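Accompanying notes for the structure given below.
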Amino acid sequence: MPFITSRPVAKNSSHSLSETDLNQSKGQPFQPSPTKKLGSMQQRRRSSTIRHALSSLLGGANVHSPAVLNNTTKGGNNNGNIRSSNTDAQLLGKKQNKQPPPNARRHSTTAIQGSISDSATTTPRSSTSDTNRRTSGRLSVDQEPRISGGRYSQIEEDSTVLDFDDDHNSSAVVSSDLSSTSLTRLANSKKFNEQFLIEYLTARGLLGPKTVLSNEYLKISISTSGESVFLPTISSNDDEYLSRLNGLNDGTDDAEADFFMDGIDQQEGNTPSLATTAAATESGGSINENRDTLLRENNSGDHPGSGSELNTRSVEIDSSMVSYSIAVIVSVKKPTRFTDMQLELCSRVKVFWNTGVPPTKTFNEEFYNAASMKWNLNDENFDLFVPLSISPDDQMIENNSNDRQMRLFKNIPTEERLYLDKTKTKASLLNAIDVNKTHLYQPGDYVFLVPVVFSNHIPETIYLPSARVSYRLRLATKAINRKGFYRQDSNSPQPIVSPDSSSSLSSTTSSLKLTETESAQAHRRISNTLFSKVKNHLHMSSHQLKNEESGEEDIFAEYPIKVIRTPPPVAVSTANKPIYINRVWTDSLSYEISFAQKYVSLNSEVPIKIKLAPICKNVCVKRIHVSITERVTFVSKGYEYEYDQTDPVAKDPYNPYYLDFASKRRKERSVSLFEIRTKEKGTRALREEIVENSFNDNLLSYSPFDDDSDSKGNPKERLGITEPIIIETKLKFPKYEDLDKRTAKIIPPYGIDAYTSIPNPEHAVANGPSHRRPSVIGFLSGHKGSKSHEENEKPVYDPKFHQTIIKSNSGLPVKTHTRLNTPKRGLYLDSLHFSNVYCRHKLEIMLRISKPDPECPSKLRHYEVLIDTPIFLVSEQCNSGNMELPTYDMATMEGKGNQVPLSMNSDFFGNTCPPPPTFEEAISVPASPIVSPMGSPNIMASYDPDLLSIQQLNLSRTTSVSGPSGYSDDAGVPNVNRNSISNANAMNGSISNSAFVSGNSGQGVARARATSVNDRSRFNNLDKLLSTPSPVNRSHNSSPTNGLSQANGTVRIPNATTENSKDKQNEFFKKGYTLANVKDDEEQEGIVSSSSADSLLSHGNEPPRYDEIVPLMSDEE
C-alpha cells in the first residue's frame, strides 16, 4: 500500500485544525458530500494552495502531521449524514477547547486504506502512538473509529509511495509549474484509484469488477463474491435425520417452516420487503455447524430516513443457505445529475407451450418472476466514494452511516406470480424511477455493497429446450438534462454475456420456439412490406434511450448470475454413494453391476463394471446395452396443467419423426451411452464395442470344443463353453449446447437423437492413400514428396478407442474393435427443486438373453432384462477436482505442474529437507532400534558394530540359510559383509558388479546405498545364535561406505580363495556351535563334535539334507 507524505507546516501547527473542524467546534454541522458544487471546490482548492505556499515561504519546519481518511459517523451533530474529517484522531475530544491561528491551518492529504475491518472499540487512539512507525518523508496512519461498529483505514509501512504534496520543493512559490505537476498527479491518482478500488473489493471477498455499461461520461461495473452461486443439495430425510441426531430438531416440520417463510409478502417498489440484518458479525462465531447466524426480517426499505417502526423476527441461516455479496461500481467521468438507481435481482421463468398456455391457449409462452428483490441506490447510501482526482478538498469517503441490511432471496408465493410482458420489463423498471428526485454526482467511483442470502428452495439456473430459468441483476437510472445523445463507445467493453444463461431475450425466444416447434407448428409469416423488414433495425441502443422532450436519458444494464446445484457432500450424506447391483435372473444368469457415483457432472467420464456369470450351460447373451433416459415435464404457473417435452413429436402424426419415435415404444428420451455386441449392425451409441472372436454370437463363450459323444461317422459338432466375463469401461455424459436460431433447425426435435461418427486414426492410416512415387514436376517445383513407406506403416495408437476391457474366465483374449460417436444433442441438468420445471434421469442396463424353451429345447426364447437406477446430472463445475479436497500427493507437490515428492523439497536456504517421520517412527520407543516399517519411507541404515539389533539382520527365512555373511557364489563379487550392502541374492538374484566397481567411488556408494535401502530383508538374531555382524571397516580396512574406497578411482577386488571362503563361513554361527548336544567330557577336552556348522554349510547356500541331520539325531540317542 502506498505511503502518504504530508506537507510541511508551521512549527506550532503540528496539531492544527482545518476549517471543517472550526465550524464543527462552534456547533455548526457540516456535510461535505461528493455531490457538492464545482465552483466551491475550485475556490477551496485555490485558497488552500495559496495558504500552503505562504506557510512554506514563512519558514515552516518539516513537521509531518498525520494524514487522515475521511470518516463518517451516525448520530451527533451531523444528523446521520456523511461527515468529513481533516484532523488528527488525538484532537477529536479537544477540538472544542483549542483554536489555532488561521495561518497554522495545515493542508491535509488523503490516507490510503490498507486493511479495512470492523471494530467495536470506541476509545480513540492517540496519534503519538504511531510515531514509532513513521519514517522520513513517509507516514503511517492508524485511526480508530469514533463509534461502535464503525470502520477505519490503516496504512502499512511496506506500501508504495504516493505523494500528493511537494515536500522536495518547500520553498517554491505559486507559478505555472503547478499545472504540469497537476497533470502528473492526476495520472498517478487515476492509477492509484484503480488499485485502491481492487484492494478494497478484495478485502471484502469480492472478485475483480466486470464492466456492463460504458460511455463517455459513465461506466457501470459489477463485482461479486463468486462467478456462480453454489446451492447445496440437501435431502429432507437426511436433513431431518441429522437434526435429530444433533439435537437440533425442535419439533417444527420442515414443510410448515417453508410455508411460513413463503407466506411473507415481498413488496416491490420503494419499500422492498424482507430486509434482513445480520446479528452475528464475528467471522467464525457460528452457533453450531447448522446455524451460522441470524437474520431479522422486517418491512423497512433501504431509505435511511424511513421512520417506519421495525417489525422484526429472527430467521436462522443454516448450512443450506448461501451468502452472496454484490458490489455495484458506478464510475462517473463528468459531473452528471442522475435519479435514484433501481437495482433488481430477479429469477425469470420462461416456458414455451406447443399448443398454447392452457386454459385459454391465446398465447404460447409463460413469462413470470419466480423471485424478485429491489434496492434503491443514491448518493446517500453508498459505501465508498473515490474521487477522480484526489486532493485536499476531494478525499475518499467511506460511508459508515450506511447500514444496508442483508436480505433473504427466496421464491415469491404462487398466488403473487403474475405474467409479465417480456417486451416491457425494461420499461417497467425505468418507469418506477422518480424523476423529480435527482442528485448531482461528481467525477469518481461510487461503490454500493449489496449483501444477499440465497435460500435453498429456489431453483437453480435451468436450460431446457422449451424452458429457461435465469437470474439477472438489473440496474436502471436516468440522466437528467444531458445535451446530445451519447451512444455507447465502440471501444468500450461490451456488456457481460453468459453463454449458459440465455442473456438475450431475442435469442432465448428463438431458441425456445425454433428448437422444438419447427415440425409441430407453422411459423408465422412475416410481412413483405418495407416497413416490416426494417422496423427491427430502427430501435435505439438497448442500454441507453433518449427522451427528446424531457431531456432524460434512460440508462439500463444487466448482469447474469448463474446458480448451480451441488451434489450432497459424502461426509454428511449417503445420497451420493456408489451404485451396486447383484442379482440372479431366473436361476440362469448372475450379474453384478457397479457404478462409481450417483451424482454425475456433465462432460465427465464415470467408470462402470459389469460381471456376468452363467449358472446353466445353455444361456446365451447376445448384447449389452447401457443408456440413460431423460424425462422433462412442464407444469403451468397455477399447477393445473402439464405436458412433456416429447409431446410435440409423440402426439403429432404428421410430424416426419413421428414413426421413429413411436418405434421406440417409450415416452421418454433415451440416449445410448455404451453397447457391446457381436455383429456390425446394431444401435448407434456413444461407444460401440464389436466382439470378433465369440463363439456362436455368444458373449459368454470363447473356447469351443469338439463333441465326441456321437459314435457314428457324422462330422463332429463344435460346442461352446459358457464362462463368466468381466466388462470394464467408462461412460461419458455429454453436455447440452446452447442452440441459436440457425443450429436449432439442423438437429432433430427433442426425443429423436442423431449421432456423428468420430473417425478412428488407427484405421485411417491402414486405409490411407496408396504410396505413389514423386513426380518430376513436383520435384522441380519444390514440393516435398510423400512420406516414406516406413513412416506410413508406423502404428498409431489412440487411447480413447481402447478404454474398454473384456476379460474371460479362461484367460483367452477377447478381440474387439471400437466405434465412437458424438450426439448432436447433449444431456440436460436435473431439475428437482422447482415444481414448474421438472427434469430427471435414470441409468438403464439392458441384457439381451437367449435361452432354450423348457417345453421345446430345440427352440430358443429371447428375453430383454432391464436394470435401471436413478442418477442425477449436475453442472460440469461440480466435478471431482472442484468438489473434493486435494490428495496428500497433490498437497505435497512443490508446484502445480511439478511432480517432485515432499522428500525432494528444499527449504528456504536451498537445502534438501528430509521427509517427515512416519507414524510408526513417531510412536516408537526412543531406546528401540530405528526400524523403517514396511510401507514407510526408506531410511539409511546405520552400521555401528556395537548395535546388535534387527536393523542389520534379516527377518526373511530364505536368506537366513543362504550362506554366511560375506559369502558369495560369484568370485567376482568382493568378500564383504552382506549386511552392509544387501541380501537380495536370494530374493532378486545376485548383485551386479557395477554396484561395486565404478570409475567414480561416489556413484558406487550411491548404488550400494540404494540397494541397501530398497532391501527390506535383514537377518534375525533374536535367539542370539548368529554371530555378531562384522563391519566392513574391520574385515577389509576400508571406510564404512560398504567397503568402497573414498579416493577417486576403481575398487580393487581381491581374489577370494577357497580357504578364505571357508573361514568366513564360520562367521555365520558362533564359534563352537553345533546342532547336536555336546557331552560334558567332550567339552572338558575341548573336542567339538564333527557335526558342526562346517558340515552343515558344506554345500554353500543349500540347506542341510535329511541324511546329514539324521546322524545327529541318532547320536543324541
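Placement of Cβ uses the backbone N, Cα and C atoms for every residue, glycine included.
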### Query
Out of Lys334, Lys794, which residue gets the ubiquitin cross-link annotation in Swiss-Prot?
Lys794
## Note on the structure
Annotated as phosphoserine in Swiss-Prot, from the list Ser214, Ser314, Ser775, is Ser775
### Task
Run through Ser527, Ser850, Ser994 and tell me the one Swiss-Prot describes as phosphoserine.
Ser527
### Task
Write down the residue from Ser47, Ser286, Ser504, Ser711 that Swiss-Prot flags as phosphoserine.
Ser286
### Summary
Lys577 (ubiquitin cross-link) falls, by three-state DSSP, under coil
### Query
Who sits close to Lys651 (ubiquitin cross-link): which same-chain residues at least 6 apart have their Cβ under 8 Å from its Cβ?
none
## Note on the structure
Across every protein chain in view, the count of C-beta atoms other than its own within 10 A of the C-beta of Lys807 (ubiquitin cross-link) is 15
### Query
Including all protein chains displayed, how many Cβ atoms other than that of Lys794 (ubiquitin cross-link) lie within 10 Å of its Cβ?
9
### Summary
Cα nearest Lys577 (ubiquitin cross-link) among recorded sites (Lys191, Lys794, Lys807) -> Lys807
### Task
Round to a whole number and give the Cα-to-Cα distance in Å for the pair Lys807 (ubiquitin cross-link) and Lys191 (ubiquitin cross-link).
66
